[in-house]
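Student: Sending over a structure as structure tokens; questions will come in a sec.
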Amino acid sequence: MSDPSFVGFVSAESTTDIKTIVSFPGIYEADWGMLVESSTKLQGGEDGYQAVGSTACVFLPKGSSHFADHAKNVDDPQQPCWCMSLYGSEADFGCKWFEEWRKQLEKAVEKNHTLVVVFKAGDTPQGPDDDSTEWMTKYKWPPKLKCNEANKGMPELGVSQRGEVAYLKKCLDNMQPGQRNRVLVEDILNFRKRLLDLTLTRLERDSLCRRNDIDERLVEVQKKRKELQPIEDQCAGLQEIHWAARDGEKTVVEILVQQGLPDIIKEPTKPGRAQPLHYAAKAGKNQIVQEGQMRIVEHLLLKAADLEARNEDGETPMHWAAYTGFVAVLEKLIEKHANMDSEDNLGERPLHKAARKDHDEVAKALLEVKAKQDAVTIKGQTPLHLAALCGSPQVVQTLVGNDAGQGMLDENGDAPIHLAAARGRAAIVQFLIAHKEDPDRHGRTPLHIASMKGHRKLAKLLLHERCNKEVTDGEGLRPIHAAARCGHQDVLEELIKAGCNKEAKTETDETAFHIAARYGQAEVVKFLLQHQCSKDVHNYDGLQPIHVAAKYGHKEVVLLLHNSTHEANKTKNGQSHLHIAALYGKLDVVSLRLANFNKDITDSDGRTPLHLAALEGRLDVVTELLLQRCAVDVADRYGQQPLHLGIVEGHCKVVEKLIQERCSKDSKDSEGQTPLHLAAWGGRHNIVELLLTEGCQEAVDNYGYVPLHLAVRQTAHEVVKSLLRFSSKDAKDLNCRTPLHLAAMGADQDIVQTLVSNDCNKEARDRRGHRPLHLAALRGNIDVLTCLLESGCKQDVTDDGGMGLG
């Protein structure tokens with residue numbers, strides 16, 4: 001390329017149909033040269049160059065008149081030029097190019113052009129759709145080099161191109177949302193394809209098309225293709241003959257074969273790659289190209305091209321002809337006895353390919369020569385499966401008319417009607433209606449599937465065809481349950497109109513109301529309320545819809561049902577929705593603070609929501625309930641307060657929070673046990689320490705136990721040590737046994753040693769006169785017996801029955 005300098009050209013037309021390239025990767029010199037050429041011809045008024053669009057990009061290379069010139073930064077007068085914003089320092093090549101580019105960009109924006117940013121191969125950013133500009137959000141202006149750290153993980157751009165994108169983002173941000181230009185991104189490979197199509201289109205109309213100029217034309221085409229050949233085609237080993245076969249260049253193919261390439265039509269350029277016959281069999285973009293391709297096929301077949309050659313996917317030329325609907329080529333291949341039932345790597349035959357793309361004429365041609373209509377792929381799918389899956393109504397009609405197997409199941413247990421139903425293809429289902437009651441592997445009929453997917457038109461069709469609307473699937477769900485679960489109230493409306501039982505229950509006694517509540521389908525809940533569906537039915541677990549919504553944290557549904565129900569609605573265990581939300585830790589529901597609702601309401605066990613939150617260790621819920629001033633000292637039917645329950649499960653943070661709220665630390669439950677008893681029994685050392693620090697008092701329960709008794713029984717070593725600092729170490733239970741008696745009955749020598757070391761009474765007698773030494777002997781605890789003897793226990797003592805150690 002002799003002189004790639006360019007100062008941009010933006011079309012004067014005011015329309016979004018004009019695409020103006022505003023940023024281009026400079027590493028592609030050949031592509032840039034072709035872009036400049038096409039833009040120059042567009043500027044000169046030559047017809048046919050709108051395919052590429054106008055160009056705002058500017059390139060001032062070394063040797064051009066403005067190379068190394070600088071331009072004033074009109075956005076920041078404090079800066080001497082644009083270089084400081086772009087590069088952080090003055091650039092040797094100057095920044096005049098950027099000022100010229102900015103002017104061209106303003107023209108494109110003013111003319112409401114669609115703005116195109118071209119990226120390097122494989123770097124094109126992904127967005128939710130083609131028009132998404134979400135990818136631009138991290139490109140900040142000014143994009144100085146020191147800002148590069150923030151650009152990690154984004155598509156790689158050169159320094160200058162990053163400046164263009166950042167400035168473009170700045171311009172768009174300053175515009176009203178409804179007035180912003182559309183921005184598209186394009187991979188360099190796609191850009192090359194557009195440019196190549198433009199070049200070849202002009203060549204077709206050129207005088208070079210004359211037969212006597214064919215050699216010159218071939219040279220021109222080869223030159224352009226070598227300059228523009230996409231990277232992926234280079235990797236595929238494509239040569240000029242492949243391109244010519246694809247584009248219907250019959251004469252080019254003939255000359256290339258004559259120039260010594262006869263083997264290329266029999267062997268691919270690389271193992272497993274498509275041959276020229278494949279490309280000729282792939283229907284071109286218009287009739288002229290296809291006519292050329294047809295002649296190429298005939299020529300290649302005369303030269304003994306391999307009819308059964310396979311590409312890397314195992315596809316033959318017939319597969320390609322069937323997939324693209326090239327009937328004429330397909331019939332020619334059939335005439336030459338190509339295998340119509342050849343399978344590719346996925347087990348698909350040409351009829352499968354035709355079925356995918358709804359090429360009815362191809363399907364008819366194959367069926368006419370007895371292609372196997374019920375052949376299955378490696379996934380067990382017949383052509384009818386694929387036609388139903390891909391939405392090919394004409395092929396479906398043809399296959400059904402040819403008695404294709406409508407009830408065959410693929411590897412997922414789906415018949416063709418199930419695949420069509422999943423995609424709402426009512427026209428196709430109509431052809432397959434004879435199998436309207438067939439279940440898939442999950443037991444779902446087409447009506448189930450239509451209800452799940454929200455296909456109202458299809459559901460209406462199936463109901464009109466008198467499908468069983470009360471059939472249950474493998475989960476015990478009816479179509480009305482499926483529609484409720486997936487939030488399709490329009491389908492629900494059709495089902496109820498058709499007479500579906502709106503109060504029908506699943507195997508777990510759930511109605512559509514329960515299911516909608518469980519999945520948070522607020523609109524469906526509103527719909528069911530409007531249709532007077534019962535909201536007070538209990539499911540197998542004793543829950544009403546409002547409780548189910550609370551269990552799964554759907555506060556909007558809870559609000560809807562609370563506003564339409566009575567506060568006293570409870571589960572079979574007497575629990576309100578607040579109990580359920582507290583139990584399962586659904587803070588959003590607990591935080592609703594519903595008006596006129598008793599937050600200290602009790603269930604059948606006398607427990608408030610605070611009890612359940614404490615039991616489950618839901619600290620956030622406990623905190624919220626305390627903020628709502630819930631009572632902390634309510635006792636349940638077992639006499640236990642929230643503090644007791646929090647201790648039972650060892651929830652130290654919850655215990656600490658309740659104590660901060662001045663709950664009763666020494667309250668007794670129905671067995672006379674205080675929080676300290678429960679902590680000791682559970683071996684909760686951290687909680688015991690907390691309670692002792694807070695000044696909890698030692699108490700005796702209904703069995704005469706102090707907390708130390710319980711800690712000894714549980715062999716909770718650390719708890720025993722803590723309690724010995726505060727507890728009556730020789731306290732007696734109802735059997736007059738001290739903690740040392742209980743320790744001697746056990747087999748833990750360390751506990752005994754700890755008690756003895758703390759001067760516990762070794763000679764204390766229980767109700768039968770037994771000393772700790774007697775109990776250790778009776779239980780056969782030799783190690784404990786030895787420990788007691790070594791500590792100085794008397795050996796010659798007897799119990800009340802006169803029995804000694806012997």
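Placement of Cβ uses the backbone N, Cα and C atoms for every residue, glycine included.
TrEMBL: automatically predicted annotations, no manual curation.
Since the structure is predicted, the reported quantities are computational estimates derived from the model, not experimental observations.
This is the feature table in TrEMBL:
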- 272-312: repeat 'ANK' (REPEAT)
- 313-345: repeat 'ANK' (REPEAT)
- 346-378: repeat 'ANK' (REPEAT)
- 379-411: repeat 'ANK' (REPEAT)
- 412-444: repeat 'ANK' (REPEAT)
- 442-474: repeat 'ANK' (REPEAT)
- 475-507: repeat 'ANK' (REPEAT)
- 508-540: repeat 'ANK' (REPEAT)
- 541-573: repeat 'ANK' (REPEAT)
- 605-637: repeat 'ANK' (REPEAT)
- 671-703: repeat 'ANK' (REPEAT)
- 735-767: repeat 'ANK' (REPEAT)
Student: List the helix, strand and coil residue totals of the repeat 'ANK' (605-637) as derived from DSSP.
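Tutor: The repeat 'ANK' (605-637) comes out at 17 helix, 0 strand, 16 coil.
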Student: Near the repeat 'ANK' (541-573), which same-chain residues lie under 8 Å Cβ to Cβ, leaving out any that are not at least 6 residues past its ends?
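Tutor: Tertiary neighbours of the repeat 'ANK' (541-573) are 508, 510-511, 513-514, 516-522, 525-526, 529, 535, 579-581, 583-584, 586, 588-589, 592, 594, 596-598, 601, 603-605.
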Student: Who are the long-range neighbours of the repeat 'ANK' (272-312) in its own chain, taking Cβ under 8 Å and residues 6 or more past its ends?
Tutor: 204, 236-237, 241-250, 253-254, 257, 262, 264-266, 318, 320-321, 323-326, 328-330, 332-333, 336-339, 342, 344
Student: What is the number of residues in the repeat 'ANK' (541-573) that are helix, strand and coil, as DSSP sees it?
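Tutor: The repeat 'ANK' (541-573) comes out at 16 helix, 0 strand, 17 coil.
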Student: Could you give the number of helix, strand and coil residues in the repeat 'ANK' (379-411) as assigned by DSSP?
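Tutor: Tallying H, G and I as helix, E and B as strand, the rest coil: 17 helix, 0 strand, 16 coil.
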Student: Please spell out the DSSP helix, strand and coil residue counts for the repeat 'ANK' (412-444).
Tutor: 16 helix, 0 strand, 17 coil
Student: Within the repeat 'ANK' (346-378), count helix residues (DSSP H, G, I), strand residues (E, B) and coil residues, in that order.
Tutor: 17 helix, 0 strand, 16 coil
Student: In the repeat 'ANK' (735-767), how many residues does DSSP call helix, how many strand, and how many coil?
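Tutor: Per-class counts: 16 helix, 0 strand, 17 coil.
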